[in-house]
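Going by TrEMBL, these are the annotated features:
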| type | residues | note |
| --- | --- | --- |
| COMPBIAS | 66-77 | compositional bias 'Low complexity' |
| DOMAIN | 96-217 | domain 'DUF4352' |
| REGION | 66-102 | region 'Disordered' |
| TRANSMEM | 36-55 | transmembrane segment |
Amino acid sequence: MSDQAKLSADQAKQVANDLFVTHSEGVKRTAPPLKLLLAVLAAAAVIVALFAAGATAEQYRSQEQAAAAADPQAGKARPTASKAKASKTQRPPGPGDPVRDGKFEFVVTAVDCSRTSVGIENLERTAEGRYCVVSLSVRNIADEPKYLIGAAQKATDTTGESYRNDELTAVYLNRDTRTFFEKLEPGEKVTGKLVFDIPKKAKLSTLELHDFLLSGGATVTLG
């Protein structure tokens, strides 16, 4: 029992003893009624129990603080297995992954950097280096018709050099299909090709797709 608990018990006993006597001179000491005595003893027991509980709580807190000092990580929440797994498997969008910018959703389906010319016979275009042809689909997710601006699309190589879509060459490549360069109705999805004329030794690393020239853009990793 703590010193506080002992002190409270002694005080309770003193109160009980005082009730056995009267404070008026010349009057014979008499015993207090039994009910009053029992009430006093019960109160004393309650006081002792409260102090004992307080001492126990204080001891528990001290043990907790000591444990926390020994292991600073004990009180911190540990990441769940699912969160840890998600962080390991997370990767930037690549071919096959849908990305959005503004009111367009893009999906890159293929990248071919093997060509040095495109077109047929007299309608042929020759690259200064080599052509990287990016095949993709575009879906209008707006509630109104929209046009995709070819000049807004940009590719970047591993050195950080940027290239704009070669719109004239893209016309040659997309001549046989209805492409995203035409008006797209709400919800409509079409496919087409972007073309980038890059140096022969360059290697594209990312493709930046835009709703319009000044939009934030959506980046797709190419390699």
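Note: Cβ is positioned from N, Cα and C throughout, glycine not excepted.
Because the structure is a prediction, the values reported are computed rather than measured.
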DSSP composition of the domain 'DUF4352' (96-217), residue counts helix/strand/coil, works out to 10 helix, 64 strand, 48 coil
Local confidence of the prediction over the domain 'DUF4352' (96-217), expressed as mean pLDDT: 93
